[in-house]
Amino acid sequence: MTESRFKLVKLVKVLAGSLLLAVLALFTVASIRTLSLDVNVGLQLADWEKTNNLSLVINQQQREELLARFKEAIRIPTVSFSENESNTTALREFDAFLRKAFPTVFSSSLVRHEVVANYSHLFRVQGSQPDLVPYMLLAHIDVVPAAESDGWEAPPFSAKEINGFIYGRGTIDDKYAVMGILQALEYLLLKGYAPRRAFYIGLGHDEEVRGFNGAMNIVRLLKQRGVKLSFVLDEGLGILDGVIDGLEGPAALIGLSEKGSAIVKLSVSMAPGHASIPPRESSIGILASAVKRLEENPMPRLFGYGPERETFEHLAHKFKLPMKFVFSNLWLFSPVLSRLLERRPDSNAFVRTTTAVTMFNAGVKVNVLPSLAEAYVNLRIHSAQTLKEILELIQETVGDPRVKIELIHGFDPLPVSSADERSFGFQIIKKTVLDMFPAVTVAPGICIGNTDSRHFKDLTSDIYRFAPVWFKPGDSQRFHGINERISKKNYEEIVSFFFNLIQNCDIQKLPEPHSSVHEL
Ligand SMILES: [Zn+2]
């Protein structure tokens, strides 16, 4: 008896000892990782190829002109209402406006311009070195509808200035990019610039309604011509300032991927009947339970299995302890972290495939049992899942053969673009940002919405979604919301960004990776 108790005590001691050792080992590994993870330095300290970049100094007269052009762009209501309905008068007016606003772009012998699908534009700027793989800048001309009565401080197509901001639909989605890219090219051409690396500019006219006409026809043309692209840069993410709790300084997030999407229709059909002799379960009741089951059983947590992991690892060193420790070691903490992040709808979107029930229709008369009840569910698919997987999960969760499940429209999450030290597009964008804004931390990010750039995935493996638009807390609601605005200073920065980026793309080769030269 005593001997066996002795043995038990010894076993407990050994177990406790091993556990302590294991915790200590984990803690040591995690601490080393916390201290050594500083992915932001990267190529910034490396030896970059010398470039003779032209610099952009904007004088007062130019400033007034470039803002006047931007405001004129905002005033043209290029609204997409649906896939089949857009303001074509405004789109035609916008075409004429662009030609007038950027005469050098439209007349330069270096630029080939063509109208695609009546209202979209494709530009090819010729490079002097045909061996360099071209890249592409994307933006879109169309905007979502806006009504002043929704509570705008200024009419949505007025481009009115309030406290240094220009208000209007399209200011941050996406006319700053349309105008910023062309304005930068106009300035470059006026200064006699001729690129080494050729590039394309694509301006779609129906991005807000999925880009099936504009972007897809641009892609078709480029494919016919056998074009391959080094990278594509489109709208998407920006510079977050004070948006991420606990992060020191602003963060520029470059979108590497987009969530997938699915619209699923659930329906229940039953024989119609009179309300005086109802069956035990109605079509409405069956469908309501199915919808409830979907809401009560969210898709699995996948935080740490997509590009969101890289976002936190790149930003980790800009957090204080203990968050620095946690974010540097997502391999250890992602299960705990995902439980915290799922509590808020905006951070929950990074944790999993989200499920939103958006429509529910049934019944036509107060005393008739409806024969049909239907609901629509809108899902945004996490990078670590596929459309097929989520459809199977819906089937399983609904678990009722009386509920018919149909996929109306959907696509897989986009491939994840590269962001390492050999990734040309990512590093050039990063360098351009850091040259302009040295205090900003650059990190990869993920877009939870979709852009035209997804149609370009056969032309390149590297699609980035970014522009240096500054976002402060609350600004994200201005997207497709009320009081969309951009500061005058920020629009000027956008022009400078594209002015510098286009020239930086003339770099033929990236420097040797920082890690391979053993520099700390
Ligand atoms: Zn947009």
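Using the three backbone atoms N, Cα and C, a Cβ is placed for every residue, glycine included.
Straight from TrEMBL, the features:
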BINDING   H140, D173, E235  Zn(2+) 1 binding site
ACT_SITE  D142  active site
BINDING   D173, E208, H480  Zn(2+) 2 binding site
ACT_SITE  E207  active site, proton acceptor
DOMAIN    257-400  domain 'Peptidase M20 dimerisation'
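Features per TrEMBL, on structure.
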residue: H140; record: Zn(2+) 1 binding site; Cβ within 10 Å: 28
residue: D142; record: active site; Cβ within 10 Å: 30
residue: D173; record: Zn(2+) 1 binding site; Cβ within 10 Å: 23
residue: E207; record: active site, proton acceptor; Cβ within 10 Å: 28
residue: E208; record: Zn(2+) 2 binding site; Cβ within 10 Å: 24
residue: E235; record: Zn(2+) 1 binding site; Cβ within 10 Å: 25
residue: H480; record: Zn(2+) 2 binding site; Cβ within 10 Å: 14
| remark: Whole-Å Cα distance, the residue listed as 'active site' to the residue listed as 'active site, proton acceptor', is 7
| request: Go through the recorded positions H140, D173, E207 and tell me which ones have a CA within 10 A of the CA of H480 (Zn(2+) 2 binding site). | output: D173
| request: Count the residues of the domain 'Peptidase M20 dimerisation' (257-400) that DSSP assigns to helix (H, G, I), to strand (E, B) and to coil, and report the three numbers in that order. | output: 61 helix, 35 strand, 48 coil
| request: Starting from the Cβ centroid of H140, D173, E235, which together make up the recorded Zn(2+) 1 site, report each further residue of the same chain whose Cβ lies within 8 Å of that point, ordered by sequence. | output: A139, D174, K175, A177, E207, D234, T451, D452
| task | Return the members of D142, D173, H480 (the recorded positions) with CB less than 6 angstroms from at least one atom of ligand 1, or none. | result | D173
| Relative to the mean position of the Cβ atoms of D173, E208, H480, the recorded Zn(2+) 2 site, which additional same-chain residues have Cβ within 8 Å? | V143, V144, D174, F479
| request: May I ask you to report the DSSP-based helix, strand or coil state of H140 (Zn(2+) 1 binding site)? | output: strand
